Amino acid sequence: MARNKAPSVKPKPKPKQTTDKSAKPRLNNAERSAYFARREAAKVLHTVLQGDANRQAVASIKSLVYSPSIRNKRATFALVCQTLKHLRIIKDVLEIANIINSKWKRQEELIYIIAYDILFGKEISLVGGDAEKFLACRKDAMQSALAKLVVRKKAKNIDDFIALYQPPDITKPCYVRVNTLKLDVDSALHELGKQFKVQKDDMIPHLLVLPPHTDLHNHSLVLNGSIFVQGKASSMVAAVLDPKPGWEVLDACSAPGNKTVHLAALMKGKGKIIACELNKDRAKRLEDTVRLSGAANIEVLHGDFLNIDPKGPFSKVSAILLDPSCSGSGTAAQRLDHLLPSRTTDVVDTVRLNKLAAFQKKALAHALSFPAVKRIVYSTCSINQIENEDVVNSVLPLATSNGFQLATPFPQWQRRGLPVFEGSEHLLRTDPVEDKEGFFIALFVKKGSEKNSEERSGSRKLAGSLANGRGRLKRFCHVNTKNLALPVFYRGIFKPWLHTKSSLTRKTYNSSN
């Protein structure tokens, strides 16, 4: 009997070894790290440039880089800063070499980053992505365009040419504020002292001073919210408002939230803080800051402060911190704002300043209308008179009619308001050259309040204890703009100083979140 033959099974062919030259080569660790750092830097640069174009920054460069979503923070921060410093040159090079076409226009921030690496960065292999390959093939054209620019500027060499575009290094101490909701000052001193030279600030409680260029972005105390990197002038603002535990406080323009969580710490987590922010992206950043701080008494409102009814649910607010949108001219050097496209000209943007000032006046007048408020702080990180003294002067009649008067925050501080109206000696300024950042603070206090009488008494004691008290204090009351000597770099940035209802979405945070 014939047997049926079993079906033959052919062996599977072995996969062929690919010899396709177009296959992406495997990246080593250094190349992989550089590849991802360039893309993270491009995302940050896109946010920065978009905010500059819209005149509404989401956050500073450093804040964006040090957000949890950025993994390689050190490399990303360096790439963003260096690309911004060279951005005008990079744009000119790309234009002369005719590099960016319609395809790459959608990724122009990544092109800027890679172009920096090619022209000025370290000698690393540009592998791993189509954008790197695209520009690597055009390296000679870019270097030729750069050489043409050097000749046009009549520079002796590349270094002299680059120096024409570079600002001086702004060296200032690194300040950190201890979040006393999580850690006491002595413990923070002990922990930071293991790695750095650290001391207490002589004026601001809970503020510590470290050497310039101290890098804390990856320190455990920063990552867990026990300390916040925050400048001295910025730390003055909440301290001037000086809210008491149990008060109801309104932070009118809260994001990114450092001053908000400082208020919570001063109140020892007791009472209530309403943190208001209109911009959606900035509100998210505010929420992250509140969550990191562990503050349980902060309620975030995503909405417009101007739409809050003073006689409504928040009629019992005792204190208001108003730190509204401003030009940021006082912190331009630290933020690298002066390198952004809108700031690389000496022309004063008077239209923008007038719009900002109009909003600031309206917001301050609104703050003065809350019936139970005892203390109001108006602050900016601007050095422009139009955003500072002029705003305060415009609301003085309303403030007086509502029972407020200007008080003198930190009487021992030497620099005071510009002498443009009677009473401007009560205002506080920090100097962008002497203090490395320019801030402005005005404190309104309801007449007859207990705190007001204490401050006036304290001011008299301080004045009496100083040698030649009145004469010496008077000498430092105002900034003498005639004798003010600014470096060449600052004259362009600070020129303005020398010239004269949507619904609210509430979200409350608990420390357990």
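Any Cβ shown, glycine's included, is placed from N, Cα and C.
Residues or ranges marked as region 'Disordered' in TrEMBL: 1-29.
The domain 'SAM-dependent MTase RsmB/NOP-type' annotation in TrEMBL covers 164-447.
According to TrEMBL, the S-adenosyl-L-methionine binding site annotation covers C253, S254, A255, P256, G257, N258, K259, E277, D304, D323.
For C381, the entry in TrEMBL reads active site, nucleophile. Sequence-distant neighbours of C381 (active site, nucleophile): residues of the same chain at least 6 apart with a C-beta under 8 Å from its C-beta are A233, S234, C326, G328, S329, G330, T331, E437, G438, F439, F440.
Remark: of the binding-site residues C253, A255, the most isolated position is C253 (fewest other Cβ atoms within 10 Å of its Cβ).
For the binding-site residues listed here (G257, K259, D304), the lowest count of other CB atoms within 10 A around the CB belongs to D304. Across the residues the record lists as binding S-adenosyl-L-methionine (C253, S254, A255, P256, G257, N258, K259, E277, D304, D323), the two Cα atoms farthest apart are 19 Å from each other.
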